[in-house]
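The structure appears right after this line, and notes come after that.
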Amino acid sequence: MARTHIPGFPRIGAQRELKFAQESFWRGESDEQYLLGVARELRARHWQLQQDAKLDFVTVGDFAYYDQMLNLSALLGALPQRFGFDAKTLSLARYYELARGNAAQPAMEMTKWFDTNYHYLVPELGPQTTFDGGVEWLFDEIDEALALNLPVKPVLIGPITYLWLSKSHVAGFDRLSLLPKLVIRYSRLLEKLKQRGIEWVQLDEPALCVDLPVEWLDAFSAAYDVLGTSGVKVLLATYFESAAEHAPRVAVLPVAGVHLDLVRAPQQLDAWRAALPKHAVLSAGVIDGRNIWRADLGEIFESLQALHAEFGERLWVSSSCSLLHVPVSLDAEQKLDADLKSWLAFATEKLGEVATLALALRDPAAAEATLAAADRALDARRHSSTVVNALVQKRVAAVSSAMADRQSPFAERNRLQREALGLPLLPTTTIGSFPQTPAIRQARAAYKRGELRALDYLQRMRAEIEIAVRKQEELGLDVLVHGEAERNDMVEYFGEQLWGYAFTENGWVQSYGSRCVKPPIIYGDVYRPEPMTVETTRYAQSLTQRLMKGMLTGPVTMLQWSFVRDDQPRSTTALQLALAIRDEVVDLEKAGIRIIQIDEPAFREGLPLRRGDWAAYLEWATRVFRISAAGVADQTQIHTHMCYSEFNDILPSIAAMDADVITIETSRSAMELLDGFGAFAYPNEIGPGVYDIHSPRVPDAQAMQRLLERACEVIPAERLWVNPDCGLKTRGWPETEAALTNMVRAAKALRAKLAAKQPDEVTA
């Protein structure tokens, strides 16, 4: 009989309870005990959902107070030495300082978890890293679950993935040299699990789905030769891509089973079936853990029948990956179109899908009604008139190659823009958003509840825009933004104004820490019925004589940060988005806006995990960006913004986007990203972020000037812009004004220094 489990479950809570408890703790409004209590309640609730779905295992260890990689660093005793914290006595307050920074130290670096929109904190390792052990929250959670008589399956990120995703803080240090010590620590952790009577442990190794060098693969084999004989059965979990080429290697290791992502990489199944020994468990990840569409249970059931006949009780049915990447439950969705809602499955519903498949394998008659209901929903979706728009189909068919090209090359555009815009050396600007104050959030909530008239809401937003404009003028910024007071989210705001999009009331997923996003759903062809930002941007420009920058979200990011329809290629949906954004760019230019930013923070996130698959993605991703941007005159300056990214391996494609200015996240990595831009001789203008907006720490003007001087060593000052790392939506006004004051001072001081050619430095 097939068994059931999931790799992980969302931790934030159906009503974002963890987020609100975290932020209350950070503000000093509640203590650690309150936060611990909320976390305990959430874990128990999520375990009970798995029990209620009749899963054979309850997953424990997927919870984190901020991030699972940070949790693992704390458990291993591998905290950044620069903080001086003792991992064994780590408090939640200090745990959060690692994630958010403090007065003495900036936060740990944060970057994307593989090709998802989740962010993890990058471990900082070096020769002095000992893995002596740390705070054992994991075992507290296991004990909680055991006390509830639950069938516990702990989950940990595996040692190879942990090292692969870490960074060395010592130049030239080979972090793989730490593996022997790390394996010893993992072995001790597994021994503690054995002492608690744990039968199975899930060790996540998604790094096996990227292009690992051979020395890392050999290290993987050596590690699991040890860990597989710990006395606890190891389920080696891979996800997000195929790991088929490693099947022969894994087959000779003493691991008791493997988990495969058969949604993203169904083609790998045959290799694993051929390689796995007769005793090994195959965990089939057949329910999509990264998208919200109801599964075709009938088709999946048919495919599982042959596997079940072959593997019997060694077949486990599961989701493709952790359900962290989808909302918790459809129960709270009262306003979704009924037909659309019937096409969806969130995390809780996916538990039911996993259980239904196992039931169908055991007793087809018992699952017949549920399978039939799924078939009816899928059939209704296939034939719905809301999915296809003839106008969009006609326009997509008419797209030409010329639509992706600006009128002139960058050098000519740059000359014309310098004449038209009249900006100083090292122009200062921000990335777009300003603090979303309680007053802004309350007004938006009241408007959405129908308690505030549209005209009153418009007046309040215009008042906030004027505040943002006046503050920027006082700060001395060169290029202003309207502050995005009216925008709840950089994707949702636009999606709400496009056909083919739908929105949930409570479809939150965790992006990082307490930051949650509510991705819209692209269910049909995308079309812009009317301008989206023109009136707001025109109003903001009317308040000032300075340049006002229009702010849009790019087609790739709209795609990546939405739940995307799965009935046509993603590239087709991206092209539809590009055409909608192109129309908005043209309308902004007609309204007198001479600088327009098309944000693409998720551009790199869309890269396939395997380098061999990159070229096809980069071709269509750069094309749709260019189509979105190329409808304007040469004198109109197009900016783009990217954050949390490593660009060096895709710089030709970044250059091919042909944005006049790119702003990037660099402050946490001490401008190291710029080295690649310099070596590549990136031709266009660039704004390296000079301070980290994710930390409440305000760097002084001297520190920012040093970063700018470092940037000038790589990029000519004539092509540099000065800006923060990212938008300022999540920050408060006092720290925002303090940081921007220092940023402007740093830019002015460096301008003067470059003009005078003397080494005077600003004072803090």
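Just so you know, glycine gets a Cβ as well, placed from its N, Cα and C.
In the three-state DSSP scheme, GLU605 (5-methyltetrahydropteroyltri-L-glutamate binding site) falls into the helix class. Take the CB of GLU605 (5-methyltetrahydropteroyltri-L-glutamate binding site) and look out to 10 A: across all protein chains shown you find 20 other CB atoms. Swiss-Prot lists ARG16, GLU17, LEU18, LYS19, LYS112, ARG515, CYS516, TRP561, GLU605 with the feature 5-methyltetrahydropteroyltri-L-glutamate binding site, giving sequence analysis as the kind of evidence.
Note: ILE431 (L-homocysteine binding site) has non-local neighbours VAL481, GLN597, ASP599, HIS641, THR663, ASN723, PRO724, ASP725, CYS726, GLY727, LEU728, i.e. same-chain residues 6+ apart with C-beta under 8 A of its own C-beta. According to Swiss-Prot, the feature L-homocysteine binding site maps to ILE431, GLY432, SER433, GLU484, ASP599, an assignment based on sequence analysis.
Taken from Swiss-Prot, the feature L-methionine binding site covers ILE431, GLY432, SER433, GLU484, ASP599. In the three-state DSSP scheme, GLY432 (L-homocysteine binding site) falls into the coil class. Listed in sequence order, VAL481, GLU484, MET490, LYS549, MET551, GLN597, ASP599, HIS641, GLY727 are the same-chain residues six or more apart from GLY432 (L-homocysteine binding site) with CB atoms under 8 A from its CB.
What Swiss-Prot records for HIS641, CYS643, GLU665, CYS726 is Zn(2+) binding site.
Summarising the environment of HIS694 (active site, proton donor), the number of other Cβ atoms within 10 Å of its Cβ, over all protein chains shown, is 24. What Swiss-Prot lists as active site, proton donor is HIS694.
Closest by Cα distance to HIS694 (active site, proton donor), from the binding-site residues LEU18, LYS112, GLU605, is LYS112.
Excluding ILE431, GLY432, SER433, GLU484, ASP599, which define the L-methionine site, the same chain contributes THR430, VAL481, MET490, MET551, GLN597, HIS641, GLY727, LYS729 within 8 Å (Cβ to the Cβ centroid), listed in sequence order. Across ARG16, GLU17, LEU18, LYS19, LYS112, ARG515, CYS516, TRP561, GLU605, which the record gives as binding 5-methyltetrahydropteroyltri-L-glutamate, the greatest C-alpha separation is 28 Å. Between LEU18 (5-methyltetrahydropteroyltri-L-glutamate binding site) and CYS643 (Zn(2+) binding site), the C-alpha separation comes to 25 Å.
It is 28 Å from the Cα atom of ARG16 (5-methyltetrahydropteroyltri-L-glutamate binding site) to that of GLU665 (Zn(2+) binding site). With the fewest other C-beta atoms within 10 Å around its C-beta, CYS516 stands out among the binding-site residues LEU18, CYS516, CYS643, CYS726.
When the neighbouring Cβ atoms lying within 10 Å are counted for each of the binding-site residues (ARG16, LYS112, HIS641), the highest count belongs to HIS641.
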